[in-house]
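Below you'll find the structure, written out as structure tokens, and then a few comments.
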Amino acid sequence: MTKEDNQKENQKESNSKIGDKDKSSKNIECDEANSEASKVPITVDPEDAKFSNAGGKSEHMVVNFTTKRMALKIRCGNALFRVEPTHMIIEPNKCRQLTINRMPGPIQTDKAIVQYIEIEKDAQDPKAAFKAADAAGTKIAHIKIKLVAAASGGRKMSREVLDE
């Protein structure tokens, strides 16, 4: 083999490696596009809120992974919990903060429901968007936030009396 043949052979190998890198980077991009975030339009982080029976506050980040504006309505049927804000609009690929407050009360588990719908670019009132969707009979998608209240401080104990 001549020196020129070796150079041509090396060039072919380096081109094939570059092609392999391009293919692998395309696969990574496809994997990212097919990730969980792209399948779920709205996420809440963290997905659960933990409180003591004395009450407390939990802050969450709500993220819109779509290219559309989304209106959100957050509800909780338990009077011990307060959600702020109850309605919001999240711009495409942006996030907003959600605060859940718990008043003092008995130990229990509950949930908050985050409903979401796609809205028009010029819409300003999320409440009106939900009223229109309800009137049209649109099925409204939702996600749940688990709300957990436990005894404050110390170990978690059963209700049984322990003789020691």
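Even glycines carry a Cβ here, placed using N, Cα and C.
Feature annotations, courtesy of TrEMBL:
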- 1-29: compositional bias 'Basic and acidic residues' (COMPBIAS)
- 41-148: domain 'MSP' (DOMAIN)
- 1-41: region 'Disordered' (REGION)
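Confidence across the domain 'MSP' (41-148), taken as the mean pLDDT and rounded to a whole number, stands at 92.
In the domain 'MSP' (41-148), helix, strand and coil residues by DSSP number 11 helix, 61 strand, 36 coil.
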